[in-house]
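Okay, so here's the structure we're looking at.
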């Protein structure tokens, strides 16, 4: 958007040389402290500021410091206008930032034509997205985005990897309110389409049409995005506005998306393959342990049996990667025998189970 910062001398009435220079801005930074809605913030942004006292202006024509006025003028606006709401203020005493959590209202449709230095009726903007900061502190919190699908008027919340539907209103619809309001309207009750703290009770059909009087409010919104409407204030479709539904992504973006999708498919395939191999390995290991445990008990009639360390047997049965060979040293004395004091630390195995362990 093209902006002019106009400085005018109060003595000679002339504008400064810098006033003729237009600057290109990506967004408008609006104060919200002490202001309740977007219209008030825009009035404050475009208001005339008096420069006097220590803030006097050094006039090129008068060749001295004089009282002056300063204001911002909008010369032209782009298809998309971003409003940065100043929710964070600096506190000089503590040298810290504080979040302004007061409720701030903004319309579903905004007429910016009257804000231009040359007023025009062809600058009607529709609310397209809201960026929200969740949290009470300025240096922490969580950011989410509420974005409208222009093809059908449906709103979606983007919270990191989680995407959820909000219905036909930017903050989601309060259950059971839409039908109630529709009933009220049918009975002739006058209602105002408004949203308070993210709860909107307007009927679905109203959200799909031009909602010039519809207002929303939030205590956490810090950026508002408005897109120029494809219809003028009289509801007539404008020919110089290209709708998003008729546009397509640039080729380089499509190529990048295709590459990411292909990479995702490959990674998913590798994951499934590793998962199948791991499950097969786990099943094989279970069968191996089960075969030994089944043969482990030695009956009193067995002439041949073996003693094994309980600690080693537990490690062999519980670990995915079992010990390589049998280790009975914890239950043996210095002569290689098994003392009676170690009877609780060992287990008697059948010859079949012993042979299976030796073969592993």
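For all residues, glycine too, the Cβ spot is worked out from N, Cα and C.
Here TrEMBL gives region 'Disordered' for one range in the set 140-172, 173-205, 206-238: that range is 173-205.
Counting residues of the domain 'DUSP' (280-360) by DSSP class, helix then strand then coil, yields 43 helix, 10 strand, 28 coil.
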